[in-house]
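A.B. asks: So Swiss-Prot lists these for the protein:
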{"type": "BINDING", "residues": "Tyr75, Gly76, Arg77, Gly105, Met106, Ser218, Ala219, Thr220", "note": "pyridoxal 5'-phosphate binding site"}
{"type": "BINDING", "residues": "Tyr131, Arg365", "note": "substrate binding site"}
{"type": "MOD_RES", "residues": "Lys221", "note": "N6-(pyridoxal phosphate)lysine"}
{"type": "REGION", "residues": "388-413", "note": "region 'Disordered'"}
Amino acid sequence: MDDGRGAGGFGGGPAVRALDTEAVHAGRDDLARQGLHAAPIDLSTTYPSYDSRAEAARIDAFAADGAEPAGPPVYGRLGNPTVARFETALARLEGTDSAVAFASGMAALSAVLLVRNAMGLRHVVAVRPLYGCSDHLLTAGLLGSEVTWVDPAGVADALRPDTGLVMVESPANPTLAELDLRALAHACGSVPLLADNTFATPVLQRPAEHGARLVLHSATKYLGGHGDVMAGVVACDEEFARGLRQIRFATGGVLHPLAGYLLLRGLSTLPIRVRAASSNAAELARRLAADPRVARVHYPRIGGAMIAFEVYGDPHEVIAGVRLITPAVSLGSVDSLIQHPASISHRIVDAADRRGAGVSDRLLRLSVGLEDVEDLWADLDGALGTDRLPETAGAGREPSRTALRLPERAADR
């Protein structure tokens, strides 16, 4: 079974197409020639072969260079045709040669670290804030890595001969702070820059176009988009992808084929979902910024469907007060989710480090979905309550916030 890398694959594919078109067709360009409309789901864990010598040669080749085995599939940990379709599609959306999918975003990040560690490049330079578990993985040194935390301006000075990676997240989780990826890539020199693009998605930014060698996604979030699949993926050049495939084979962090199918389907509606949710979020950010019960609103200049805001009252009461919005961790689903980062997503980060990165104890993170914006505002308004106004609040208070604007169409950039 073809995996979609033919006419729509990495080499010799169609002319450059708009993002919306790629989202629908990438990884599927071969289907019509096979008499298919929907992508098939290949659930096989192993594949028959009557030529053991040829199989041995293919396995030896994979062990040597990590290139995907030519010919039919061999074994589920070496690759799966359904997952390969998703990898093809995501790479095209991010503008990279390749993509390698994993069972979760943390499995994907772990594989990146292990690739560099195997080369003796254990030092990582990172900029806070990152997703809480990414922060913990680096800080705790669970995989043998050593991390130096810096401000963006300090990246170049922090590099060492054994630095294998610079890691950033923009917009950042949960503060939505934005970084100049092009300037950071320049500061990295020959050291790979890994940009976590989970919040922005390729609809709003493509880090590879700004010099990032590695683009990380928790595909659980916007790429899947419906809160029913867990996955991670790294979009990158083919050379780095080969090392990632070898690590995936050795450690077993493979993506289930059904998850690969759901992600491929999720990509087809990614642009329209992100733009619609971003429109809702921009409007809610405007209203929150003008609300005297809200101390500060964080909303990125590139737009997006995430809002972070700090309240004067008890943030836990806001969480307890929502009725339409779901009080839950995670993000990027069609329905709206709200959580308290200091209690959940970033609880694992040392409190002083957390606060130093701008994650205050009064900060709430809102993932805006596709509901009607008036219904969402009514729910937020009720959850914020009428008895949580600061003594100094009132007319004339100027909200502290970032610039607010609707996201542009990616095709217009």
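In case you wondered, yes, glycine gets a Cβ from its N, Cα and C as well.
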A.B. asks: Among residues Tyr75, Gly76, Arg77, Gly105, Met106, Ser218, Ala219, Thr220 annotated as binding pyridoxal 5'-phosphate, what is the maximum Cα-Cα distance? Answer in Å.
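C.D. replies: The widest Cα-Cα gap among those binding residues is 25 Å.
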A.B. asks: Go through Arg77, Lys221, Arg365, the listed recorded positions, and name the one with the sparsest Cβ surroundings, counting other Cβ atoms within 10 Å.
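C.D. replies: Arg77, out of the recorded positions Arg77, Lys221, Arg365, has the fewest neighbouring Cβ atoms within 10 Å.
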A.B. asks: Give me the Cα-Cα distance between Arg365 (substrate binding site) and Gly76 (pyridoxal 5'-phosphate binding site), rounded to a whole Å.
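C.D. replies: For Arg365 (substrate binding site) versus Gly76 (pyridoxal 5'-phosphate binding site), the Cα atoms are 37 Å apart.
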A.B. asks: I want to check the contact list for Ser218 (pyridoxal 5'-phosphate binding site): same chain, sequence separation of six or more, C-beta distance under 8 angstroms. What comes out?
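C.D. replies: Once residues fewer than 6 apart are set aside, Ser218 (pyridoxal 5'-phosphate binding site) is near Ser104, Gly105, Tyr131, Asp196, Thr198, Ala231, Gly232.
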A.B. asks: Including all protein chains shown, what's the count of other C-beta atoms within 10 A of the C-beta of Ala219 (pyridoxal 5'-phosphate binding site)?
C.D. replies: 31
A.B. asks: Looking only at Cβ atoms, how many others are within 10 Å of the one on Thr220 (pyridoxal 5'-phosphate binding site)?
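C.D. replies: Total other Cβ atoms inside 10 Å, all chains included: 23.
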A.B. asks: Which residues, sitting 6 or more apart from Gly76 (pyridoxal 5'-phosphate binding site) on the same chain, put a CB under 8 Å from its CB?
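C.D. replies: Expected: Ser44, Thr45, Thr46, Val254.
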A.B. asks: Please report the Cα separation of Met106 (pyridoxal 5'-phosphate binding site) and Lys221 (N6-(pyridoxal phosphate)lysine) in Å, rounded to an integer.
C.D. replies: 13
A.B. asks: Taking only the Cα atoms, work out how far the residue listed as 'N6-(pyridoxal phosphate)lysine' lies from Tyr75 (pyridoxal 5'-phosphate binding site), in Å, as a whole number.
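C.D. replies: With distance taken Cα to Cα, Tyr75 (pyridoxal 5'-phosphate binding site) is 28 Å from the residue listed as 'N6-(pyridoxal phosphate)lysine'.
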A.B. asks: Determine the Cβ neighbour count for Tyr131 (substrate binding site): the number of other Cβ atoms within 10 Å of its Cβ.
C.D. replies: 24
A.B. asks: Could you say which of the binding-site residues Tyr75, Gly105, Met106 has its Cβ with the most other Cβ atoms inside 10 Å?
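C.D. replies: Buried the deepest by this measure is Gly105.
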A.B. asks: What does DSSP assign Ala219 (pyridoxal 5'-phosphate binding site), in three states?
C.D. replies: coil
A.B. asks: Specify the secondary structure state of Tyr75 (pyridoxal 5'-phosphate binding site) as given by DSSP, simplified to three classes.
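C.D. replies: Looking at the DSSP assignment, Tyr75 (pyridoxal 5'-phosphate binding site) belongs to a strand.
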A.B. asks: Taking DSSP three-state, what's Tyr131 (substrate binding site) in: helix, strand or coil?
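C.D. replies: Coil, per DSSP.
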